[in-house]
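Undergrad: Questions regarding the structure given below will be posed in turn.
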DNA sequence: ATGGTAGGGTTCCTA
C-alpha cells in the first residue's frame, strides 16, 4: 500500500512538473518608464518566468509591490542609472546567484535562480560599444568569465535556460542588412565565435530551432525610424539544455510599436 | 563616414 501511494505521488509530481512553461526575456530600458508596459505584458501573455534587463534602478527603488500585486514573485539586482537585472516568477526562486562568482564587476548584469526545477540564468551581456574599444575588451572579459560560470552551472543543472540581452546577432540571418552590419559591434566574427562557444557547451538556440528561416528580430534602434522600416536585429536569446524542449516561440513586436517603447521587444518560448 | 533617439543624470554617458 505505501508503495502504491509512493507511485501515485511520483506520477503527480511528474504531472505537475511537466506543465508547459512560458519563459520570456525583455530588455525594458528603464523599468521606471516601462512598468505600465510590463504589467500589460504580464496580463496579456501570462508568462511563468520573466527575465528583465536594464532595469536601471537601485534595489531600494525597485517596484516590487506593483509586480507582486500582479501575482508575481520577484528577485532583482540593480544599480543606479545603468544595467540591472530581475526575474519575475509565479513560483518561488531558490539558489539565487547575482553576478558571476569570482568575476569582480560593479555592473549588475547577471541573476540566476532555480524556479520550478529549472535553472534560470538571466544575463545582460555588455554592449561593447565599438569593435576594438575598451568596452569591447570588457565585453570579452565578461563573456569569458560567463562562459566558464555557465559550464559549471550546466554540470549542476540538467534543466537550464540561459536568457537575456546577449548583444550578439549570431548570424547574418539575424540582421536586417548584413552588409551594413558586417564586422560591426554585435555582428563581428569574434562575438559570433563566442556565441558559438556558449552554444557548444550543449545548448539549443530555441527560437531558431522553431523558426529556422524567420528574421525574429528583437531590437530596433530608436533612431532613423528603424522599427517602422523593419531595420532590426536578433540579439535577445533563450538558450536551453536538451531536456528543455521548446514547443512554441515568438517576439511580442507589438510592445515595440507602443508609445514610449523600449528599443527591445519581449521574446517568449513555451517549453514542454 | 556619419548621424540619428532615448533614458538617466546633469551639462555627458551609454546604448
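Placed from the backbone N, Cα and C atoms, the Cβ positions cover glycine too.
Automatic, uncurated: that is what TrEMBL annotation is.
Keep in mind the model is a prediction, meaning the values are calculated, not measured.
Below, the features straight out of TrEMBL:
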ACT_SITE  A:124  active site
ACT_SITE  A:165  active site, proton donor/acceptor
ACT_SITE  A:264  active site, proton acceptor
BINDING   A:27, A:54, A:165, A:167, A:263, A:264  Mg(2+) binding site
DOMAIN    A:25-264  domain 'Endonuclease/exonuclease/phosphatase'
SITE      A:167  site 'Transition state stabilizer'
SITE      A:236  site 'Important for catalytic activity'
SITE      A:264  site 'Interaction with DNA substrate'
Undergrad: To the nearest Å, how far is the Cα of the residue listed as 'active site, proton acceptor' from the Cα of residue A:27 (Mg(2+) binding site)?
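TA: The residue listed as 'active site, proton acceptor' to residue A:27 (Mg(2+) binding site), Cα-Cα distance: 6 Å.
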Undergrad: What are the non-local neighbours of residue A:27 (Mg(2+) binding site), defined as same-chain residues 6+ apart in sequence with CB under 8 A from its CB?
TA: A:52, A:53, A:54, A:124, A:164, A:165, A:219, A:236, A:262, A:263, A:264
Undergrad: Which chain neighbours of the Mg(2+) site, leaving out A:27, A:54, A:165, A:167, A:263, A:264, have a Cβ atom within 8 Å of the mean position of the site's Cβ atoms?
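TA: Near the Mg(2+) site, beyond A:27, A:54, A:165, A:167, A:263, A:264, sit A:29, A:53, A:124, A:219, A:235, A:236, A:262.
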Undergrad: In the three-state scheme derived from DSSP, which category covers residue A:167 (Mg(2+) binding site)?
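TA: Its secondary structure by DSSP: coil.
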Undergrad: Return the residues near residue A:167 (Mg(2+) binding site) by Cβ distance under 8 Å, restricted to its own chain and a separation of at least 6 in sequence.
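TA: Spatial neighbours, sequence-distant, of residue A:167 (Mg(2+) binding site): A:125, A:126, A:127, A:128, A:139, A:185, A:186, A:235.
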Undergrad: Within 10 Å of the Cβ of the residue listed as 'active site, proton donor/acceptor', how many other Cβ atoms are there?
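TA: Excluding its own Cβ, the residue listed as 'active site, proton donor/acceptor' sees 28 Cβ atoms within 10 Å.
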